[in-house]
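Colleague: Got a structure here, written out as structure tokens. Questions coming.
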Amino acid sequence: MAQQMSPGQHGSECIHDNAQSHLPPYVDCDSAGFRNNRSNLTLKFSSDFEKAQKAMEFCSDVCAVYFPADLDVVFNSEIENELAVDICEWRFFPCFSESLKRLAISMSRLSSLQIDLSYERRTLLHHHLVWIFLMDEVCERLPLLGLHDTMERKYLENLKNITMDLPIEDLNQYKGICPDDLLQVALDVQRILAEDLMPLKRALLEESHVQKCSETLCLFFDNQYEEGKIFFKRPTTHQIMSTRGYTIGTNMVFLLFLQTPMVDLYNADDPGLVQLSILVALFHDFIGLQKDLDSLKQDCDGSVGLNLVRVSMQESGHDEKEALQTVVRRLNSYCHGLEFFMSAYTPLCKQLYQEILKFVFALYDYHLLGATESSNSRYGWHRVSDYKA
């Protein structure tokens, strides 16, 4: 397990003028940024919308993300470390590949976000985050094997039935057709949902909350199937967008950390929540572009052709840097606009969106830093503290 790092290991940190601000130290820090192993582009964060937008006008090698100043994105290192220990003792942990084990440990950071949530609820959230990566691996590989309309359909139907406590079909009928390792992953995914996630939800959440979780998860499965149909069809941005707000999976994560009053307001088809999920998808595709391009060459993941940044490059004729800056400008404009419109919401609705937006930016942080503020090597980005504009 990664050990907690001391502040000195990151070099000099920026101190915010507002002592009450709980912005991550890389926000509004002129000397801090992130670079990818495969590019000289620098990613920076600013709580000043105009400054972020202008930074990209003056420098083609910078992407400046707007980070709203009133978001409390803080993580609890004690909880993070405890979750990291506990996930290693989870009975399903031995089922994971070495890379997924490392990912599971790093996700303890995301599950330690400073919010009003019991440790048991955090454990459920942590298990779900790990499970969704395992579940998605099956959906990414089956279309490459020509099994989308057969085994994948049955796999997703089984998962839906598990959420509704209905019988499932035995996937072993595909033994000899599907590689043994992938078949075992699919079986493990079903077991974790049936034996761990659903029992935890029923034990920790109110019945109406569990019902919303199941409905949202089934919507996710339905869109996963629809998305699999276009893996090899050179889809347009508009075709991808019709499912991506659901298949990015964040609506389910939102539900797992919300408290009852806000859960009552939650609607998986709420256009605003779908847009926030697209926000996550755009940043995910931004941060994962190089990884997806590598996977495309290796032909090991059918979903990489759906990367919205890559598709926008094909449609617009932009080079990589232009496409990345365009995506970031879109992210910034949406967030800035949302802040304005939220002022007209009811207090509870505003709180719902504020909490979800906080988690969106916690995801940004996780994608870049991973566990204990180190570096999330999954996407090839690393922190640089000596950047000069």
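Keep in mind that glycine also has a Cβ here, set from the backbone N, Cα and C atoms.
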Colleague: Can you say which of 136-140, 246-250, 351-355 is given as motif 'DDxx(x)D/E motif' in Swiss-Prot?
Modeller: 136-140
Colleague: Identify the motif 'NDxxSxxxD/E motif' range according to Swiss-Prot, selecting from 149-157, 230-238, 284-292, 329-337.
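Modeller: The range carrying the motif 'NDxxSxxxD/E motif' annotation in Swiss-Prot is 284-292.
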Colleague: By a simple count, how many Cβ atoms lie within 10 Å of the Cβ of His284 (Mg(2+) 3 binding site), its own Cβ left out?
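Modeller: If we count other Cβ atoms within 10 Å of His284 (Mg(2+) 3 binding site), we arrive at 21.
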Colleague: Over all shown protein chains, what is the count of other CB atoms within 10 A of the CB belonging to Asp136 (Mg(2+) 2 binding site)?
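Modeller: That number is 17.
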Colleague: How many Å lie between the Cα of His284 (Mg(2+) 3 binding site) and the Cα of Asp136 (Mg(2+) 2 binding site)?
Modeller: 15
Colleague: For Asp292 (Mg(2+) 3 binding site) and Glu140 (Mg(2+) 2 binding site), determine the Cα separation and express it in whole Å.
Modeller: 12
Colleague: Please list the DSSP helix, strand and coil residue counts for the motif 'DDxx(x)D/E motif' (136-140).
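Modeller: Residue counts for the motif 'DDxx(x)D/E motif' (136-140) by secondary structure: 5 helix, 0 strand, 0 coil.
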